Structure formats: structure tokens, C-alpha cells
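One structure is given below, encoded as C-alpha cells.
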There are 2 protein chains.
Amino acid sequence: MARLVLKFGGTSVGDIERIKNVARKVKQEVDAGHQVAVVVSAMSGVTNQLVDYCRSISKLHDAREYDAVVASGEQVTSGLLAIALQDLGIPARSWQGWQIPIITDDTHAKARIQRIDTTEVAKRMDETGEVAVVAGFQGVSERARIATLGRGGSDTSAVALAAALNAERCDIYTDVDGVYTTDPRIVSKARKIPRITYEEMLEMASQGAKVLQTRSVEMAMKHRVRVQVLSTFEQAPGSDYPGTLVVDEDEIVEQELVSGIAYSRDEAKVTLVGVEDRPGVAARIFGPLTDAAINVDMIVQNVSEDGKTTDMTFTVGKADLDRTVQVLEKAKGELNFRRLISDANVSKVSVIGVGMRSHAGVAQRMFKALADRGINIQVISTSEIKVSVLVAEEYTELALRALHTAYGLDAA
Amino acid sequence: MARLVLKFGGTSVGDIERIKNVARKVKQEVDAGHQVAVVVSAMSGVTNQLVDYCRSISKLHDAREYDAVVASGEQVTSGLLAIALQDLGIPARSWQGWQIPIITDDTHAKARIQRIDTTEVAKRMDETGEVAVVAGFQGVSERARIATLGRGGSDTSAVALAAALNAERCDIYTDVDGVYTTDPRIVSKARKIPRITYEEMLEMASQGAKVLQTRSVEMAMKHRVRVQVLSTFEQAPGSDYPGTLVVDEDEIVEQELVSGIAYSRDEAKVTLVGVEDRPGVAARIFGPLTDAAINVDMIVQNVSEDGKTTDMTFTVGKADLDRTVQVLEKAKGELNFRRLISDANVSKVSVIGVGMRSHAGVAQRMFKALADRGINIQVISTSEIKVSVLVAEEYTELALRALHTAYGLDAA
């Protein structure tokens, strides 16, 4: 007997039949003797509808009110799933964030979980075998206002609850059956990864793979919560772990050099031409962007040719590009650059694997594979377990396929 | 300056434009210097949708989970209206039942308000002039579960809040501009009643006029809350009280003999023929119905002709008729009646007025007016301020028009 947390996303609870299907999956785990807590998202489409309501009343809506409005979607599914479970003879009750409580800070609309008091929930699971159906995505601030965790926050709710309940595993049920070596819609030879480390999953998520929310992976890594990503809709094929397990490096016997290849079309490139080349220039450029809450990702500073000026290139989110240009043009007098060039037609492609820590030549293989296809690399950035390059957007698919083959990831 | 509670029903907040319209109405009261609390229903159609979800999962759904699901509709509108008010420059915040808190008993799905702790809400209204936007229809039980007050419960929320806040008045905004002498869709000469007593309004509501929920009128009467029923959609025509004021008898200068004529098609008639005529028979008949939570309304016991048996006629809600017949047929052996006759094609028509306390002949005028049109009276029941008769359903409109004229209520 183990304690499990199961999380079902919006597509999995998209209508009444699907909610009943989820109840049957939960019943299987209960019948197997497990103590189960379930975290649910809103029915698919509902959150978007609610967000639209808020926006159409006011673009500058109060985030606390926005939270009260959008958190209602998860409230509905938690109640409905509890009813569906009871209908199958499984004792169950719904829990809203404020009922448990899941205490958050008060940065509304993107709140962070501070702590979860599982005393009551755990007691009821222990004593009555009742399934706790928890509304995902939401908590309550110290001021007793409803707070939401930002889009995709239900993954984080689930992992945080698994950590607080000291659960054996957190199963994230979704519409794909696991984490793939790369996007199977683009690379037909993509393979499902049976096991992946927290570090790799974190890079995959933050480099564009949308299967898990980045923050949920950070939290899983921090609290060493074993996470499984698996499909709500496909039958489990007998295996203990039909999906992808996200686990500690120790749990992975055969480690690949590169585990996966991620990509993101959400990048835009900005180059400041003819910036003065002297200490403090980077701080003066990026200070105003930080103040405007614009995240800068890759940064490259060219070697100065004349010893006086240099070019500075960096990437920002595509949605932030217009604001970035505005902020920089406004500071032009102070920053003293000659020209600003921006380009939204770029993609970031990243190869990721803990194996590259102990192996040289991983980046070199990437550069060669891209060069062989005539793909020009615009910006490079690396971390201990990742190499990312920026390429023209039109080469995205070609680059993914070339790299997938180059690192021996193609399915047989 | 006065403290006001305004309540807006589902049609009034039916879409984003209407919510903005409500915000403008609230702003008028704030601009006039009033302290304002607003109670809102769910957007029209939303509650029905949520109820359908629950029913389609399980007919025997847990009322506590049903409450968590359906209460979400009011949560959404409270947040949206707060945003709309802020957008007009009016400080506002939403309050869910558990946040105030509005404490209820735990008869979920038809909970009763036990008490409202207005300390925090009143403090913020006093100190900051903030408008409190309160989710109607919902509260929280002592066990910290969400509880709803039953359909139409937002009227009760509003009146209870007005009582707790010691408000000068509770304005119930709806899609009609007041309480009418009878249904204007049937009787074209129906007039809006400028002022009506609590007692009359209570009879009007419980006899079929759907403009206010019965329980909200009871509560208004108990706490002497002045209530106004008025239209969200029509401009107020200069008068201080454009709608109908529901007030104490003292506030009404010229009291009519009869204030209004209500009707209900929701009745069904049951007759038990040949019941033993001895003490305790009524208790034995109605005991099983009470146990089955079936409300019995009008009751008539015929005079016994043979000294041994009698006929017992009574009415129940049309929706309860099938169950009523089942319960009684099951108890037939014990109750020892000869035959059960039921008839769902009946209407109850009631004339209501506190004036009849001091005037004889009110009932007689009713019987004569109906007899003149050849309408047969099946059952009669009276109270101090009301005479109700049961007639064949097809005579409903004719009866209403005849009575409206007979009591001098026709508009000039």
C-alpha cells in the first residue's frame, strides 16, 4: 500500500463522460489498496472563458478578483469528481485551496505555495480511506483571499501536495503518454523516454517542452517527489510505469548522452549595435528590462574590434519584444548605442542530457549536424547539461530531425 | 447618507455588458453618498448548467459536493462585478460566503443562514468606502463546507446581509419593475403596487408570485428590513422609490381591501375516498407524507355522511404527485381508504390583503365573482389575510381577470 497523488489536466476532465472515466482510473488505484489524493484542473476551455471575462471588463483588472473568478473552474471539477467517485462506491470529498489550506504568498495570479497543512486531509485518508479531491491551481493567501498559481499551476499543486503528504509518487495524467525525446508531431522517429532526471526534465520544460510546468519540476526536484507523466486516454500496457518517470539520477541505470531535444518558437532576438565597450554596460542595458519585468534569456557580447564599441545580442520572449524595443529606445540617450535590430523569426533549439557532464564533444556534434544542413547558428548558450542555439525559425523542423538522428535518438 | 444593500439577479448579470451596467447603477448610489453592499446571483443559465452536471453524474449526488459545484457561479459574478466597479474608479472587493463569513446550518443544498459576521465587511465600508460585492446564494457550514441556500437564495442572502449590516434598505433589482396586483402577462389591467406589507408579500410569494423568494420575505419581516423590488433595465422615473416597497403596515397610508391576486399552476389535488372517520386519521395519512418530505398545502375533510367514513382532499406540489400516490398506495392497507383520486389539472388562485382583517364579505365577493363566470370551486382555504381556491386549470386566466375587476384593482 502506498500513498499516491494523481493529477488530471483540463482535457482529462473536459466533459462529464471524461470525469466519469477519471473516477474509474482513481478507483483502480483505490482497489489496488492505495491511499489516493487527486488534483484536478478546470474543464478544458473554462479557464480561458473566465480569463476572457476578466479581460473584457478591464485590461487592468485586480489580480485578487481575477483569482476569485478563475479559481472557480477547479472548484467545479473537484466537486464533480467527488460525486463521480461516490457514485462508484468510493468515499471521496472535494477540498478547495482555502479548506485544506494551501497557503500561498499574495502575488496574485502567479502566487507561490508557502505551505500545505495536510493534517486534516491525511487524517481522513488514514482513518476512512476517503479520496481527497483537491482543486488544483489555487490556494489561499495569509489574508484569506483566493490566490491562483499561474497557468499550468495544477501540476505544481499536485507535486506540492505529494511532497506534503509524503506520497510515494505523483502521477500527472495528461493527453500524451509520456515525455518524448522530441516533439513527435515534428519528428516521427521520436521515442518515449522511460525515465528522465529532474535536471533534464527541468531543462526540457524551460526550453519549450510543454508537458510539465517548469515550476512543478523545480518543486519535484527540491522535494525529491517521484513524478510520472502518463496518458489519461490510453490503457496502461501492463507495465508498472506506462509513462515517463521523472526521478533522481540514481534511479536511472543506463544514461544516454543526450536525453531529449527541445525547441521554442517563443523567442525573439534583439541586437544593440555599437554599444560602448566599458565596465557596467551590461548592467545599464539589462537594468531597465528587469525593471519592466522582461526576462532576458540568451546573451552574447561580441569581442570589441576597435576597443571602444561592441555589439550586444540577447533574446526575450516574443510577447515581450515590442515592450523591450520601447524600453531600450527610451533609454537610447543613456545607453548610447548606434542602432537596435530586432528579429522575431527565430527558434531556440536545445539538446539536453546529464550525460554531457562527463562527455566532451556534445556541442561539437550539434554544430556539425546543423552545419551539414546549412543551418546558420545565430546565438549559442550552454549550461552544464544543455546546449541551446538560436536559428532562423524556418529551420526549426529540419534542425530537430538532424539533431535527433545525430545523437542516436531515432526509434528503430 | 445611508447604508444600502443592492441585489442583482441572474438576468441582470447575464453577460459582460450587463455586469458593466450593474456597476454603473452601483456607482450612482455610491456617488449619492451611500455605503453600498451588493449581492449577486450567477450569470443566467450558469446555475442550471452546473446543476445538470451534478445530475448527469449521479442522481443521488452528495449535497455537499453539489453545493461546492453550484456555488461557483456566484463566485464568478462577484469577482467580475468587483473588477467592473474598480474600472469605474469605485473601490470594491468580492466576498465569498466563507470569507465574510455567512454561517449556515449543514442542510446542504437548502441551508439556512445562522448568522453573518459583518465585522470586517462593515469596517471596510466605514473606513474606506469600499463596496462589498457579496456572492449570493452561498454560505459556509460550521464544518467549513460550502453550503447553498436553495434556488432563489440570493434574495435571502441580500435581506440577511441588510439585516446584519443594519441597512436602511435592501433593493432587489430584477427583470420586472415591481410587484403587480396580479400577473400582467395575463391581466393587462394589472397595476404596479407602490407599497405592500410584509404579510401580503409573504402570501403573494408563497401563493405563486415569483418576484421574491418566500424565505427572503420571512426574513425581511422578522428583521423589519425595508425591501424594494425594482427593475435593472428601466430607468428610474425620478421617484424616490421607482419599484415596489415591501414595508411595515405603518408605512402604508391607504390600505386597499385586497392588494393582489396570486396564482399557482404547481398544485395537484389528491382525494382519498372512504377514509375511516375517527380520531387520528389525519395524522396517519399525513405522517407518511411528512416522512417522505412531501409538503401538503390545502386540506379539506368532508363531513361524514354515514358517521363511519369520510373523504379527505388535499393538495401537494405537482412535482410530488407521483411520489404522493406511491406513498399512499403503499400505506393503503393501514389507512384503509376505498379509493384514491388524483388530479394534476388544477390551479390555486388566491386573493391577498391585510385589509380583509377588518372587512367582512371579502371571501363572499370572490365566490360570487367566480360563480358569475361559471367557475367551480374545488377546495377553499383561508388565512387571516388570504382566501385561496382551487379551480380547474383551464379557468386560471378567466378567474384572475374576474377577481381583478371584482376587487377594483383594474388600472384606469
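Each residue's number is its place along the chain shown, starting with 1.
The backbone N, Cα and C atoms fix where each Cβ goes, and this holds for glycine too.
TrEMBL labels come from automatic prediction, so no person has curated them.
Note that the structure is predicted; figures quoted are calculated from it, not measured.
As written in TrEMBL, here are the features:
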type	residues	note
BINDING	A:Lys7, A:Phe8, A:Gly9, A:Gly10, A:Thr174, A:Asp175, A:Tyr180, A:Arg185, A:Lys210, A:Val211	ATP binding site
BINDING	A:Thr47, A:Glu74	substrate binding site
DOMAIN	A:270-354	domain 'ACT'
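It is 18 Å from the Cα atom of A:Lys210 (ATP binding site) to that of A:Thr47 (substrate binding site).
Under DSSP, A:Lys210 (ATP binding site) is assigned to coil, being neither helix nor strand in the three-state scheme. The average pLDDT the prediction assigns to the domain 'ACT' (A:270-354) is 89.
In this view, A:Tyr180 (ATP binding site) is surrounded by 21 other Cβ atoms within 10 Å of its Cβ, with every protein chain counted. Remark: A:Glu74 (substrate binding site) has A:Val40, A:Ser41, A:Ala42, A:Ala135, A:Gly136, A:Phe137, A:Gln138, A:Ser154 as non-local neighbours, by Cβ distance under 8 Å and separation of at least 6 in sequence. The distance from the Cα of A:Thr47 (substrate binding site) to the Cα of A:Lys7 (ATP binding site) comes to 17 Å.
Applying an 8 A CB threshold to same-chain residues 6+ apart, the list for A:Thr174 (ATP binding site) reads A:Gly9, A:Thr11, A:Ser12, A:Val211, A:Val229, A:Leu230, A:Ser231, A:Thr232.
The number of other CB atoms found within 10 A of the CB of A:Lys210 (ATP binding site), across every protein chain shown, is 14.
Less than 8 angstroms from the CB of A:Lys7 (ATP binding site) sit A:Val38, A:Val39, A:Val40, A:Ser41, A:Gly136, A:Ser154, A:Asp155, A:Ser157, A:Ala158, A:Cys170, A:Asp171, A:Ile172, A:Tyr173, each of them six or more residues away in the same chain. Counting every protein chain shown, the number of other Cβ atoms lying within 10 Å of the Cβ of A:Gly9 (ATP binding site) is 22. A:Glu74 (substrate binding site) falls within a helix when secondary structure is assigned with DSSP. When every Cα pair among A:Lys7, A:Phe8, A:Gly9, A:Gly10, A:Thr174, A:Asp175, A:Tyr180, A:Arg185, A:Lys210, A:Val211 is compared, the largest distance found for this ATP site is 24 Å.
Under DSSP, the residues of the domain 'ACT' (A:270-354) split into helix, strand and coil as follows: 29 helix, 34 strand, 22 coil.
Cβ neighbour count for A:Thr47 (substrate binding site) (all protein chains, 10 Å cutoff from its Cβ): 22.
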